[in-house]
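Please read the structure below before turning to the comments.
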């Protein structure tokens, strides 16, 4: 009798084990199929966007670098993601992030004085306050919101210069960005010159770290994104390429050789934000940049991620 009970128990255990094995095998197989399907979908989307970005390059006679991250799904859209471009004034948003990283919010109330000799071309805010100075927070906001070049230089000085900026990014894992000069020389954008350059992928990752990652605490992230939401120079760029009910916070940049850039974090309704970096350049030094190129590239990104 005892042997019969043991036999029944053994049979039950065996059947249960077989069922679990079958379930695991089925579940594992299903997950593998699902993963392959998702990988295939992402690959298909990148192939489709690759063609569209290539067509934009031909249309505008320009070179594009694009990297976008859907922070909710980790889906990425990439085109020439590792090619170097002059970062131009996009650095101001990231340098402001470094400033916030290295200083308390109380430090933003400190008044910074400067002279007329410190002013450089395109300083619409700082040129009005030479006599009184500005708080560090006001200077950072002027750099990010109005792309004020003197404010950008003061930001650099407060974080150890261009090399201090580069060093801060290295600590965050960026092994790509090269920062060498102050405004306005950093906008020369000479083809083949790696000074003051980065890639769409590196910039997008840095922006993600500062705005939704762990590089800054919540309060400081909010300060940075509020400055970027008020950007006065981005209406015709990524902001123009996203649906009107999306919230956009961006920082633009421009330089010689038709350099036109925009980096942004955008919030679709009821979804996690999307990080977008779009960089562009042309072959001729005096070439005119195209805002429309950035707008249309942003539209390609949004259509692919929707």
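Glycine is treated like the rest: Cβ placed from N, Cα and C.
Sequence annotations record features per position, and here Swiss-Prot assigns active site, acyl-ester intermediate to 89 based on sequence analysis. Per Swiss-Prot, the feature active site, proton acceptor maps to 185; the stated evidence is similarity to another entry. Marked as substrate binding site by Swiss-Prot: 251, 252, 253. What Swiss-Prot lists as signal peptide is 1-43, and the listing cites experimental evidence.
Feature map: annotations from Swiss-Prot on the structure.
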| residue | record | Cβ neighbours (10 Å) |
| --- | --- | --- |
| 89 | active site, acyl-ester intermediate | 26 |
| 185 | active site, proton acceptor | 11 |
| 251 | substrate binding site | 31 |
| 252 | substrate binding site | 27 |
| 253 | substrate binding site | 27 |
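Of all the recorded positions in the list 185, 251, 252, 253, the shortest Cα-Cα distance to residue 89 (active site, acyl-ester intermediate) is found for 253. Neighbours of the substrate site: apart from 251, 252, 253, residues of the same chain with C-beta atoms within 8 angstroms of the site's C-beta centroid are 88, 89, 90, 92, 93, 147, 231, 233, 234, 237, 250, 254, 261, 262, 263. Straight-line distance linking the Cα atoms of residue 185 (active site, proton acceptor) and residue 252 (substrate binding site), rounded to a whole number, equals 17 Å.
A strand conformation is recorded for residue 252 (substrate binding site) in the three-state DSSP classification. Under the three-state DSSP scheme, residue 89 (active site, acyl-ester intermediate) falls in the helix class.
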